[in-house]
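Straight from TrEMBL, the features:
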- 23-170: domain 'Pseudouridine synthase II N-terminal' (DOMAIN)
- ASP38: active site, nucleophile (ACT_SITE)
Amino acid sequence: MDGFFLLNKEKGVSSNFVVQGIKKKFNFKKVGHLGTLDPMATGLLIIAVNKATKFSSYFLNEIKAYSAEVTLGGSTDTDDAEGDFLYQKDINLSSKKVLTSLNSFLGDSLQQPPSYSALKHKGKPLYKYAREGKIIVKPPREITIFSIENTNFKTPLLSFDITCSKGTYIRAIARDIGELLGCGGYLSKLERIEQGCFSIKSAKCIDKISKDHIITIKEAFPNLDSLSLNREETKIYTNGGIVTSLHGKKKICKIFSDINQFIGLGEVGDKGLKLKQLV
């Protein structure tokens, strides 16, 4: 069995804990997730099993959406509610000022990754350095905030839904809006509600997931065009050659063999179709 599960991760467990739970529950050989959620976060966690793990890289650039809550009036060393307080203070802010400041994050910007993160330095996650009292500062990264909706502010809680590019840390948004307002801020709740074409509405808790809920590899790419190959083209493609008869505008496609079997992803270009990933 190869494919993807949509899990609704509960609060307090790591993404790897969920991966190991799926692996043990179904006795799969290979299991991985398609985007980490911090232990305090909940929501959509896409799990790849067996041959589907080979397609994980195609999900890395997908847009993600979150429902977030930021507590203003304090700062923590982890930029979320699980960290130790660096300071706390009373606040008196108008909703207009807070929401205007929040909307200033829309568009492209450079974001400083949190000191406590899974980003690596010399092969070691930053959070491990931070736990040892060593703060490693990584270069700011380019991110894009596509939308901020359903905003609400009731002192000291600011809630909103946010759609963003890969590599965006919502904890860093919480930290940065706190700095912008001069009062500090930290992430107090986070739920991932969308990743690419997948939604939390279709996700299941780990104790209720079954093999019937698996999404096949070909079903996981509903927005890609399909190409069917004849016998000779199938042979060329699976051997890593370029199918020159299938050329055109550059795009990734789902590839089907001469017997209508899904065999992987390919890239069409000026010179033809070339192999990207076989099942």
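Positions of Cβ are set from backbone N, Cα and C atoms, glycine also.
Remember, TrEMBL labels are computer predictions, not curated facts.
For ASP38 (active site, nucleophile), the count of additional Cβ atoms within 10 Å of its Cβ stands at 23 [all protein chains shown]. ASP38 (active site, nucleophile) falls outside any helix or strand according to DSSP and counts as coil. Across the domain 'Pseudouridine synthase II N-terminal' (23-170), the prediction's mean pLDDT works out to 94. Shown for the domain 'Pseudouridine synthase II N-terminal' (23-170): DSSP residue counts in helix, strand and coil, namely 30 helix, 59 strand, 59 coil.
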